[in-house]
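K.L.:
First, the structure itself, so that you have it in front of you.
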Amino acid sequence: MATAATEEPFPFHGLLPKKETGAASFLCRYPEYDGRGVLIAVLDTGVDPGAPGMQVTTDGKPKIVDIIDTTGSGDVNTATEVEPKDGEIVGLSGRVLKIPASWTNPSGKYHIGIKNGYDFYPKALKERIQKERKEKIWDPVHRVALAEACRKQEEFDVANNGSSQANKLIKEELQSQVELLNSFEKKYSDPGPVYDCLVWHDGEVWRACIDSNEDGDLSKSTVLRNYKEAQEYGSFGTAEMLNYSVNIYDDGNLLSIVTSGGAHGTHVASIAAGHFPEEPERNGVAPGAQILSIKIGDTRLSTMETGTGLIRAMIEVINHKCDLVNYSYGEATHWPNSGRICEVINEAVWKHNIIYVSSAGNNGPCLSTVGCPGGTTSSVIGVGAYVSPDMMVAEYSLREKLPANQYTWSSRGPSADGALGVSISAPGGAIASVPNWTLRGTQLMNGTSMSSPNACGGIALILSGLKANNIDYTVHSVRRALENTAVKADNIEVFAQGHGIIQVDKAYDYLVQNTSFANKLGFTVTVGNNRGIYLRDPVQVAAPSDHGVGIEPVFPENTENSEKISLQLHLALTSNSSWVQCPSHLELMNQCRHINIRVDPRGLREGLHYTEVCGYDIASPNAGPLFRVPITAVIAAKVNESSHYDLAFTDVHFKPGQIRRHFIEVPEGATWAEVTVCSCSSEVSAKFVLHAVQLVKQRAYRSHEFYKFCSLPEKGTLTEAFPVLGGKAIEFCIARWWASLSDVNIDYTISFHGIVCTAPQLNIHASEGINRFDVQSSLKYEDLAPCITLKNWVQTLRPVSAKTKPLGSRDVLPNNRQLYEMVLTYNFHQPKSGEVTPSCPLLCELLYESEFDSQLWIIFDQNKRQMGSGDAYPHQYSLKLEKGDYTIRLQIRHEQISDLERLKDLPFIVSHRLSNTLSLDIHENHSFALLGKKKSSNLTLPPKYNQPFFVTSLPDDKIPKGAGPGCYLAGSLTLSKTELGKKADVIPVHYYLIPPPTKTKNGSKDKEKDSEKEKDLKEEFTEALRDLKIQWMTKLDSSDIYNELKETYPNYLPLYVARLHQLDAEKERMKRLNEIVDAANAVISHIDQTALAVYIAMKTDPRPDAATIKNDMDKQKSTLVDALCRKGCALADHLLHTQAQDGAISTDAEGKEEEGESPLDSLAETFWETTKWTDLFDNKVLTFAYKHALVNKMYGRGLKFATKLVEEKPTKENWKNCIQLMKLLGWTHCASFTENWLPIMYPPDYCVF
């Protein structure tokens, strides 16, 4: 057998399938129609120009004509202009950049910017580089530093047993070094490479250079022009292998660094048009076609598509006069064939004759799971994913060939408005090229993302032949050829494969033979606001129904009016189903004609039924239908009380890839269903997909969807639960995984349960005290254990500013239609470290269907550092924030300024995850709730029985810090006692907050008034005048006022405190250090330290005015510590200044004070005195402790205090102090990483959208 296997030729044809679609036979017939002359726009994650097969076409042209990033994720603000001095400029990173003499720059001006590599590195590359940098750059050096620090500590401990103050500090120093190194290891965070960017005009074109080596020597970096000008690209290094190109906009003020955001786009392009001159068996479907790479997957959003990216992409597609678009992206949409993005796509297709091919989606096997735009937009050809036996052997290495099938996950039609959804199918898997940064040449990927470029490449072959023979075509004629010649697989349902598997050769022949004007037309089919007839819910199929259907011709752009006038089509209408009646003929001219179709589903058996009313031109009936009216009817099974609302299926046989659909009328009052699957096989484990979908008008299928991929062991059992809506049909689909081998038998049961709450969402206002809700067990006996859990507090924000302006050159639609942006700014405070989820309620969950071009928010800290971003789907963009103040900038784009101005006061919300969940008390009657007595526990409700419950308000001390009026707590109510019921039947809860109660402060002002003697007006005036003079003393910098007050009030402590603060805050503070020391001594001398120490030692103060005394003593202690620290800082600054000048601290007589004590001794005395009263890590003491360590050259202790200062006040200056100490300690690796963080943490401005 081994010999036979080695002699059998390798199935290369199955790696990137072409036989199944007729592409291989087409190329055998017409080898020169291999895509030449065809330009395919690949809208994806970007294409790597250095990837295998992405260099040239079969006729020697550049494979990629241009590479564009339309998302903005690679944009660099280069508006800052500088001129070199002595051939050097200082980049925004702080590095000195050496300008090569060979560069030509007539103006002498350079635009500079900065970009963190991790901002545009693909996620997988970023993770790999982070791991490699830690292993190669950090770990070896850090291990040596840590070992050395531990060794020094051990040696000191062995050699020194004494506990003198000096030894104590040295021991603390060595211990600090070890602790810091351990801490740095735990907190290790790689900032990644930070690149300086330069842009300049050489007199002819704009050029850019990125300091990819991060060393400032630009002679070693690549100078690039816009990619389209010379197909130039660079690489970020042999470790990264990340290729990049550039585009320069806005007169050099904006640089776009274009990289691939993932491997997906290159793989897609390779399937469609990869070319390997030396290995033709690896070619894509259309190796002669050229590629326009457009990155629409935003790296900031994990390569999620955005409205900005898509609309800019369509502008580029039109400007480059592309023939085809491949779009292997898509999302579920709330309403099909609508929205701003879809409008722009329609314009490109209808007005510019651009064929738009897209993936149908990977959300099967249930019906109506097609994505947008592939399966929901009339102008787009949606492609399903098919797998052939050859693919199973070559790509997936299956032990045996299975019959051809649709992949289990391939999305199915119809769309929610009745359109078929899937147009055609193509092979949905391939082993093809991927970007170099993956360190792989090829990779297996599957999905409708792969079927779409396979079909797109096939269409490129057709267009190549048509162009070579000067045969006119339209998007309508090409689509009709594809659909009318596709081959239907008998074992695959129409909603999965659409019209069938694309046949390139037959479609080409069709277009050559059918060149009539009628064939070039499109036809819009409307059924009210829908595009087909889709009867799904029980009420829709209970009786016959009549449907008015509009048929209207769509002419290609620039059609002559005379041709429109002469249009006269004689159409025959046919239907092959007895349950549909339609007219036999229709005369169609240049207007919308209406016909009536009657659908009578009463005699249909349970299950799914599909048919079409087709319109044929009687002049050429063999050309196939000019249009189709899709009709779908679902007859749902009923469950009732006699079966306990259960459906059971026993010993059901499943072949590999087999799907069984069950349409069930959900009983009124049902709120969740449970499905139990049991394997009957004792030999075979089986992989199944359990999928359920209910459709609700203007809600995407995902809103009421359950999906579970499960592996069922031999004789194993699985139970799952999911929510349902009563009174509507549900599709429950159980599918054997497409690649499973061997047959298997299973039993499965679907059981419905219902606990109905009076409100679909529970809204509780704290001011009401007690809130009531009622519950009913609708179907059967149910065990209840009601529980309300609150997990988030939600903060509502209003914008502090809203600015509207026109966008740049990339944002102009055809006919000079300028796009505009509104940027709204919001501020909020994060009271403590935690997870937040920002969102814009008005626009969230809307992408393709939104009436606005796009939405994108970016959150910044108070230093303008970007912390995170998000767009239409907020649940995908939660992030962790530390305590502090933050700014959110929200960009909304549209063509009309007036529509943007309506949003100038748009609210925005930030949902904060609670560190500990909160619960509300629930009672079974009002009196228990009112008195806070017995809480509700478990109870059993009989069918149709109603039970009220009463919820009490949350105690005020449980309200999270920062939450207040205008905020609410969000959580859920579960009613069932069972775990499955708790998981499936969940009711949202909003708890609205009110102002907190007013709290009285400790100590009463009335008591103070009673205990004090009434002051006469003269005494009050004297004190007020004194305090006024003290206030002005600090402003006027006058010693005269101070001396005058000191004579009058020699024992008034606030006077001396004010003088100390005045001197310590002066601009020329360094010149008055001795005065600061004297002022601090004056403050200290006026505090009775003995009395203060005695008071602090007291455990309890029984005196009636204890609160007042405590307040006074706390102030005295705070003042004492403050004075000691200011004195210590002044002494330390004096010594550090002396050290900087002389290189050492003088301890001789010249440096002594009049009393005979040296500044160093005075500093030590002050330090140890301070430690008596407070901890060195107290916020007020940190600066003194830090400077004391510096004076004593104990850089470990200094760094420990400096890092604490950074935590309390993360300024750039504090970070620089840390870096300096790291260098003094010899920890250059720590210093280097920290230095790289600085331009990231403290950018010059907000990053661009």
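Each Cβ is built from the backbone N, Cα and C atoms, and glycine gets one as well.
Sharing the feature lines straight out of Swiss-Prot:
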- Ala2: N-acetylalanine (MOD_RES)
- 9-508: domain 'Peptidase S8' (DOMAIN)
- Asp44: active site, charge relay system (ACT_SITE)
- His264: active site, charge relay system (ACT_SITE)
- Lys401: N6-acetyllysine (MOD_RES)
- Ser449: active site, charge relay system (ACT_SITE)
- Ser915: phosphoserine (MOD_RES)
- 998-1018: region 'Disordered' (REGION)
- 1003-1018: compositional bias 'Basic and acidic residues' (COMPBIAS)
K.L.:
What is the separation, in Å, between the Cα atoms of the residue listed as 'phosphoserine' and Ser449 (active site, charge relay system)?
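P.N.:
Here the two Cα atoms are 40 Å apart.
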K.L.:
Given a 10 Å Cβ-Cβ cut-off, pick out the one of the recorded positions His264, Lys401 that has the most other Cβ atoms nearby.
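P.N.:
When each Cβ's neighbours within 10 Å are tallied, His264 tops the list.
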K.L.:
A 10 Å Cβ contact count, applied to the recorded positions Ser449, Ser915: which residue has the minimum?
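P.N.:
Counting other Cβ atoms within 10 Å of each of the recorded positions Ser449, Ser915, the minimum falls on Ser915.
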K.L.:
Express the distance between the Cα positions of His264 (active site, charge relay system) and Ser449 (active site, charge relay system) as a whole number of Å.
P.N.:
8
K.L.:
Between Asp44 (active site, charge relay system) and Lys401 (N6-acetyllysine), find the distance joining the two CA atoms and give it rounded to the nearest Å.
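P.N.:
Here the two Cα atoms lie 32 Å apart.
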K.L.:
Which of the three DSSP states, helix, strand or coil, fits Ser449 (active site, charge relay system)?
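P.N.:
Going by the DSSP assignment, Ser449 (active site, charge relay system) falls within a helical segment, counted as helix.
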K.L.:
Within 10 Å of the Cβ of Asp44 (active site, charge relay system), how many other Cβ atoms can you find? Include all protein chains, please.
P.N.:
29
K.L.:
Would you mind reading off the Cα separation of Ser449 (active site, charge relay system) from Lys401 (N6-acetyllysine), to the nearest angstrom?
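P.N.:
With the alpha carbons as reference points, the distance is 23 Å.
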K.L.:
For His264 (active site, charge relay system), name the DSSP secondary structure in the helix/strand/coil scheme.
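P.N.:
DSSP call for His264 (active site, charge relay system): helix.
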K.L.:
Need the DSSP three-state call for Asp44 (active site, charge relay system) to compare against my parser.
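P.N.:
DSSP assigns Asp44 (active site, charge relay system) to strand.
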